[in-house]
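Here's what Swiss-Prot has on this protein:
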DOMAIN    9-207  domain 'Glutamine amidotransferase type-1'
ACT_SITE  C86  active site, nucleophile
ACT_SITE  H181  active site
ACT_SITE  E183  active site
DOMAIN    208-400  domain 'GMPS ATP-PPase'
BINDING   S235, G236, G237, V238, D239, S240, S241  ATP binding site
Amino acid sequence: MALDIHAHRILILDFGSQYTQLIARRVREIGVYCELHPFDMDDEAIREFNPRGIILAGGPESVHEANSPRAPQAVFDLKVPVLGICYGMQTMAEQMGGKVEGSDLREFGYARVDVVGKSRLLDGIEDHVDDDGVLGLDVWMSHGDKVTQMPGNFSVLASTPSCPIAGMYDDALGYYGVQFHPEVTHTKQGGRILSRFVQDICGCEALWTASNIVEDAIAQVRAQVGSANVLLGLSGGVDSSVVAALLHRAIGDQLTCVFVDNGLLRLHEGDQVMAMFKENMGVKVIRADAEKQFLDNLEGEADPEKKRKIIGRTFIDVFDAEASKLENIQFLAQGTIYPDVIESAGAKSGKAHVIKSHHNVGGLPEEMNLKLVEPLRELFKDEVRKIGLELGLPYDMVYRHPFPGPGLGVRILGEVKKEYADILRRADHIFIEELRKADWYHKTSQAFVVFQPVKSVGVVGDGRRYAWVVALRAVETVDFMTARWAHLPYELLETVSGRIINEIDGISRVTYDVSSKPPATIEWE
């Protein structure tokens, strides 16, 4: 009998915290399947989900405000372990008969909590032991309200001078609350705390591994698709590449990929995609060379948003044209990943509860009467990368920096021309090549060159040069919501600048972008 890697599962209820997806990723890293749902999930849906344990996440609300979020009653009726984090601890306390009050002293940032209770959750987990034998943890706090009276048979788990009940527990029920955030890396023992809850207290086995996920996904694809044929738009990005490798492993020649070469890709990228999938892996790939069509449609347009729309529409037109030549296609594959699913799934409070498909190929599924196959829809980006490696894709492809859908079209400021794209491609290639040589590529989260449609005077030999300006951009980030400009060594910048100006006829000046996000965005357009 096939292994059910979803059998041991954790339910995470989202109360609006910026860290909620991080909790899910941490639980998955432990090797346990979990799902993230809105706090107002139906009682019946919770019972049907049948979790081994439940995590109540944090949120920005105050429990004593009218209509503030509450955990569904099913959470406490199921008799499974529950971990409340921050707001989750407060609503647990309030709903079970305790008391929560506003605090004059809010806690945001690093804190040290004393572990004062002997619980299963924190037994043997500490960062410090003081002279009196009191255990301490270095944690990350982010709260205003605090629990001032615990419900029922709860005991104090942890405390700080300003928050005497910074944690509470009832080992008999398997209920725990912590006012700090174990899911963020600033809480040093956070991984051990979550592992203790998920594995030891909830009894979940680590079945959620890359090899098991691949086997499970292959089995699901085969069951869904049968002997039918599947179409995939292959971009060369991480998600579509992993989908292609996975589907090829599952159904072989039943898969046909269409790779649209829009003339706005990185240097040699089209050839690399074809070599990887068609020549090395034996995948059926149709290459549509549509550079002229894209550039013709972009001619004269300088507005960034309009450029994006033109590129998107043209992609759909080209993809449609290629797809219409194929016969007997029943399924369209897409690289939808779990964050897409979370974003498009709402709560019942006026938001759509139905998960919408991200139709990155427009209305094609409806027009061609195709059914969707989305083998990555349960996976976070880091998990997609891991199964990419498991499927044999090269590390450099799987861990490549993000590249925008419109490609170089949004890295050429203003109107897009073939001349600009050709210059930019070469400059970008030099920058990335030198980052790799200096071992800086994987220290940066994203790095690229931007073409600026302005000219600057330069000197080459004894002659005057009047040529284009490009900007180097490199950032470090964890989540791409905020980013710091990368502090690259001056020697590296000097090498890159020298090579670009000397090797590319048409560039006279190289600048380095030292803007962080916010206030700037990572991409220029």
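Cβ atoms here come from the backbone N, Cα and C positions, even for glycine.
Structure coloured by features recorded in Swiss-Prot.
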residue : record                   : DSSP (3 states)
C86     : active site, nucleophile : coil
H181    : active site              : coil
S235    : ATP binding site         : coil
S240    : ATP binding site         : helix
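Note: the ATP site is recorded as S235, G236, G237, V238, D239, S240, S241; in the same chain, L234, V242, V243, A244, G335 also have Cβ atoms within 8 Å of that site's Cβ centroid. If you compare Cα positions, E183 (active site) sits closest to V238 out of the binding-site residues S235, G236, G237, V238. Every protein chain shown contributes to the tally, and the Cβ of D239 (ATP binding site) ends up with 20 other Cβ atoms within 10 Å. The recorded positions close to H181 (active site), defined as a CA atom within 10 A of its CA, are C86 out of C86, V238, S240, S241. The distance from the Cα of S241 (ATP binding site) to the Cα of the residue listed as 'active site, nucleophile' comes to 39 Å.
Taking the C-alpha positions, the distance from C86 (active site, nucleophile) to G237 (ATP binding site) comes to 37 Å. In this model, the domain 'Glutamine amidotransferase type-1' (9-207) carries an average pLDDT of 92.
For V238 (ATP binding site), the same-chain residues 6+ apart in sequence whose C-beta sits under 8 angstroms from its C-beta are K381, V384, R385, G388, M397, V398, R400. Close to S235 (ATP binding site) in the fold, though at least 6 residues off in sequence, lie F259, V260, G405, each with a CB less than 8 Å from its CB. Shown are the binding-site residues G236, G237; of these, the residue with the fewest other Cβ atoms within 10 Å is G237. With respect to Cβ neighbours within 10 Å, the binding-site residues S240, S241 differ, and S240 shows the lowest count.
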